[in-house]
Amino acid sequence: MIVIDGSEGEGGGAVVRVSTALAAVTSRSVRVYNIRARRSRSGLSHQHLTAVRAVARISNGTLRGDELGSMELEFSPGRVTGGTFNFDVKTAGSTGLVLQAIMVAAAASEGEIDVTVSGGTDVLWAPTCDYLREVTIPVLEMMGYSARIEIIRRGYYPEGGGRVHAIIEPSELRPITLEESEIHAVRGISHSRNLPVHVAERQAESAMKILRGAGLDVDIMVEDASGPVGRGSGITLWAEGNTRLGAVSLGKPGKRAEKVGSEAARELLGFIESGSPLDRYMGDQIIPYMALTGDSRVRTCELTLHAETNIILSEKITGRRFRVEGERGGPATIEVL
């Protein structure tokens, strides 16, 4: 059994999610202790618990210690054979983080996985489902991955109530080399729920002004996501070309719609101008998949602590060895041997 110190690296829930997901796809048992030990609320939260239970379900595995607040977890996977699954975070916890774990675990599935996850689709400190659909999956498709995501209903903090549906097809991953970017357009979606429609419109207009000012071809769809539960707003932007880059900003009380749009636009513009083909978020998301294929090399605009942590976990669980050229906080080339 592989033993992982949950306080290692970034020390958050990603350690548990990535460890269990890689354990499932490599058929290796894992024990994680000190889970989120340095966080103000240590142990497993609702979204982390949902993620590890989802990985166990789809891999026909067994869990010990899967309780709210648990500081230690043991996981022994079975086989990922496919099937239909439903998971509910029960709060505004991130559906995107749950899907991230499922997607890694499903990388070697023998059959199609049809999964629905309920919770928050557009929440802080997590990839939005738009980002997964428009950035993560297109980049992974370059490695042979096959999946599609549909947002059935958006969910914002604190009420949640969102629902996302994903279908993941059996696939054979292949190595990737991605070191330069060629961007030809920017697309996006600006959305709001139970707020005046001009909120989403102003978010989009603010983003377009900045991006068009930089000479980019920009089109941002405005979506009225109004429904029976909660309210909120946000915008997800992505750059299209030989790769995908993405940026997200969410609204909150007292935050002007123009600021929401400009935040995402300026972050995306920085990613584009870096010349790197992976943004700072995809730079860590791709690492478990690189560990599964080997012989891959990518460049990211920023080496983050999350990326470094994923490298440590991937090396421990898969036995692969990574080499990094660059320093944390700056651009870097990541290679797996």
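Cβ from N, Cα, C; glycine included.
The ATP binding site feature in Swiss-Prot is assigned to GLN100, TYR281, MET282, GLY283, ASP284, GLN285; the stated evidence is similarity to another entry. Annotation note: GLN100 (ATP binding site) sits in a helical segment as assigned by DSSP. Note: GLN100 (ATP binding site) has non-local neighbours ARG17, ALA21, ALA51, PRO127, LEU132, THR136, GLN285, i.e. same-chain residues 6+ apart with C-beta under 8 A of its own C-beta.
Here Swiss-Prot flags HIS306 as active site, tele-AMP-histidine intermediate, drawing on similarity to another entry. Listed in sequence order, the residues of the same chain lying 6 or more apart from HIS306 (active site, tele-AMP-histidine intermediate) and placing their CB within less than 8 Å of its CB are GLY9, GLU10, ALA14, ASP284. According to DSSP, HIS306 (active site, tele-AMP-histidine intermediate) is assigned to a helical segment.
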Does MET282 (ATP binding site) have same-chain partners at least 6 apart in sequence with Cβ under 8 Å from its own Cβ, and which are they?
VAL135, THR136, VAL139, ARG244, LEU245, GLY246, THR300
Taking the recorded ATP site as GLN100, TYR281, MET282, GLY283, ASP284, GLN285, identify the other residues of that chain whose CB atom sits within 8 Å of the mean position of the site's CB atoms, giving them in sequence order.
PRO127, THR136, LEU278, ASP279, ARG280, ILE286, ILE287, HIS306, ALA307
List every residue in the same chain as TYR281 (ATP binding site), at least 6 positions away in sequence, whose Cβ is under 8 Å from its Cβ.
PRO127, TYR131, VAL135, GLY246
